[in-house]
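Undergrad: Attaching a single structure in structure tokens format; questions to follow.
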């Protein structure tokens, strides 16, 4: 078949468009240039020109960012001769009036929108055929907020430039600024300076600058604009008559100014007749953040200040077709401003200020624009009410106000621009697919498809307020929304230094429509910062985390695929309708069909992944909501229950008081009568019987009204539990298993001061020799540190609840909190604080009695929580592979720990001493339920004791699981750590065990920090009891035939309670907490020593040791910004290392620990491989990873 001559065939616009789309989609700028050079010829052809001019429109829909940057750089930003002499207009409008910025905003391509807004020739105020600006095309509120911030920043910079030009009297520069269409829209030459309250015209009238005043009046300055004090510009001129003779220069200037202003006034009066916009009520529209409630904080809302004097808000622009979420009448409102706040202000309305809207702008300039618009509306509304109250309008007022009262609210919303008042009925907004009328079918179809997508997204947006349904499936793609008022920015508004704003309006009347779902309480706190990552970087981003959750993942990719498919199909349909077809057409058709198929596959995959993730997020959110609901219910029930108990106790107290009073009043009469009728002996008996009856009656009443949980005194830790069992006990008081403690093994209450621990048994001697041989204590010759370099804790103050409120129901170990919540210790160092009172284990090893050893081991497991009181600051999360070593010559022990897992976070630890070993894993599951932060310990902990008198076995193995930890008092702003639950400490060698009971912190302080326990032998016979407060001291007592009840005296410590174990059944002190030093971060004296870095120790430390961590060191030095930056850096480095391992297919293995089955408990545990201390001695750490 003979091929047609392509040179004689008319150029096909659909064919060019398909080829251009394919080249743009490939992402290669050289390929794009090659296509234009070969296929887009001749350049002067109308079809070629039409496709070329819309190249940027197509690019923002299908091309990657790199190609768009190249197009802008080569064909938009340059004025030189370009490739093929192509020059593109950044603000080019397609057949629907959309610019590339409109399309990028609609398609949620935030990176493209930001790039375009940074171009010097961009004009974001261009209206499309539906009279919408680009910002009003946004479906994504995050992008709309970003556009608003960039606009405010641009206005601030331009206004400052304008102000400089005014000061320099640079008329040429002033003309160039005003010649920009964007500046003409955004800058208001009649705006007020927020500090002086003057317009630019007022300012130069005061300066008596006739030339500048004339220039201002020629360029739109309003001679009727009043300043803050209500004065017109002409009122600032001194009283002179035109016929007066100019006796001096000042009078001549005043005469000239007066003539100039009067002439401008006369000319302006003509404009008033034809254009009543100059005297309309202030109107404004845009996004503001509104305080919703205590749990959700600030949320972005669309606000409309309409000409009828009402300020209303909606979820977003698309929600304006429905009823507003709340509205205030400006005539009944006042503004409350704080000069220290640049972003926040408050509107007070209603009777006596019962309605308060706390609002927050995205930028100080945006906030000032809103403030002045609202102040103007309040003043205008009040003036109008005064006119209505005093009488009818004057003819001039009737001209400017009479018609507006008859116009509906919705019509007024579309009258904010002179262009809108003359426009026909608004139609649907469509995006660029082609540029002639033959594409109506494809355009409408595409609109319907995208409309459904937008409906679904919009419904998701509505979930953050109260129930809201929108079943209108036929609404247009973009509802015709009112234009954001832009002509309200003062040229003088941008000045260096803080702005002082004062309220000038008072409130007397109630609002028409109260806020329906977002009430504000005076008690609600306004803490900025919703997310951890925001405060980590020192920014304010309230509500953005919530907005990010609305739109879901892959939103930009999905929009690109949808638009690509739509454009491809529409262009393909065009091509198939072209009658002049040849082989090149069919090749392009095949390529296009393959592209569409590929896009459909990608779209289906992304949609499936998106659906799974959205379902997971919805499920998680539902669980979080359920937790909130249950927490509120539990709190309410708890408060009700306690209230009922208080009422019952008060009633009981009153009844008891009445009964006692009655008995006391009757008793003297009984005794008097008895003395008259009988002898003294009989009266004594009767009186005694009466008193006894009274006491019995009182006792019966108390027993009858006693609650089930009131069976013990708050000060008594131990009941007489052995009272019943004592009857079956042996007659002998001393048990055969409880021999008298040998004198030479009498324990000491405090740790020994000398550095040589007395070792007796051969296992102890062997272990001590090993510690010395491996150089465990080398580098620790210096005295321990007793203070920090910081004198006080001056961390930035951030409310704990303000951060945790967005983390309800989540595992906090996987979340990053701001560095200001940290203390300068690592979690590995926190683990080492468990052995602060290791001398208790040294004492335990001195006893022959295994049950007595169990008593002291149990006391040791409870003593490790004393350091947690007043320590709510969070330690630094260890990096994977991070280690920490610690040794004490006075305690003769060495400690080592390693972060062996990152998800879940697990720290393995191993401590060795001649008389004992302590090891285990810190593996916890944490969650926050809205009221408390709960930590559940998952790993087992072990202690190996090598007794001095190892008659039967050389070593004993103990194991236990730590109690549940809870941070309470978060809602009350007084967080504290509490322990609760039962813990069983087991001696697997002898069969002895101890049951410890940690009492949860109750409603009152009674019973706080309380712990009690019982020691049993292998035959379940109770031998010892212990009790006390885990934050202060623990006492022990031997169970004897006389009973086992034990009381705690926090203040007085009798001599009988000291000096070691007592076998006579008296109380003795086992452990007492050390006094806390007054240092920053509430560190203990032991914790102060952990992060110290003496010079002798540095050469022996592994490069992974926590002491060398830069963010932790900066935190200790008070360099909080550096600490935050370093923390972010090391975490990024850790993620990069993980990604590298995944790419190589490597599995991470800890360097110093290996997971095995424990030989006694048969549970998995992390065993120390013993290599660290030898490598430390030889300075052989060259194979350690670089994690810092």
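Counting begins at 1 with the first residue displayed.
Note that Cβ sites are derived from N, Cα and C of the backbone, with glycine treated the same way.
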Undergrad: Based on the annotations in Swiss-Prot, which residue of 504, 692, 736 is described as phosphothreonine?
TA: 692
Undergrad: Going by Swiss-Prot alone, which of 95, 442, 691 is annotated as phosphoserine?
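TA: According to Swiss-Prot, the phosphoserine annotation belongs to 691.
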Undergrad: So one of 180, 394, 913 should carry the feature phosphoserine according to Swiss-Prot; which one?
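TA: Swiss-Prot records phosphoserine at 394.
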Undergrad: Quick one: which of 702-708, 709-715, 716-722 does Swiss-Prot have down as motif 'FFAT'?
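TA: In Swiss-Prot, residues 716-722 carry the label motif 'FFAT'.
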Undergrad: Of 427, 532, 678, which does Swiss-Prot mark as phosphoserine?
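TA: Among 427, 532, 678, the residue Swiss-Prot annotates as phosphoserine is 678.
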Undergrad: If Swiss-Prot is the reference, give me the range from 629-660, 661-692 marked as region 'Disordered'.
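TA: Spelled out, Swiss-Prot records region 'Disordered' over residues 661-692, not the other listed ranges.
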Undergrad: Quickly jot the same-chain residues contacting the repeat 'ANK 3' (196-225) by Cβ under 8 Å, restricted to those at least six beyond its ends, or write none.
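TA: Those are 166, 169, 171, 174, 178, 189-190, 231-234, 236-237, 250, 253-254, 256-257, 260-261, 264-265, 268, 278, 490-492, in sequence order.
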Undergrad: If you average the pLDDT over the region 'OSBP-related domain (ORD)' (800-1174), what number do you get?
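TA: Across the region 'OSBP-related domain (ORD)' (800-1174), the average pLDDT comes out at 86.
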Undergrad: Could you put numbers on the helix, strand and coil content of the repeat 'ANK 1' (51-80), residue by residue per DSSP?
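TA: Across the repeat 'ANK 1' (51-80), the residues distribute as 22 helix, 0 strand, 8 coil.
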Undergrad: With an 8 Å cut-off on Cβ-Cβ distance and a minimum sequence separation of at least 6, pull the same-chain contacts of residue 962 (ergosterol binding site), or say none.
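TA: Expected: 861, 937, 941, 983.
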Undergrad: In sequence order, which same-chain residues at least six apart have a C-beta under 8 angstroms from residue 834 (ergosterol binding site)?
TA: 864, 918
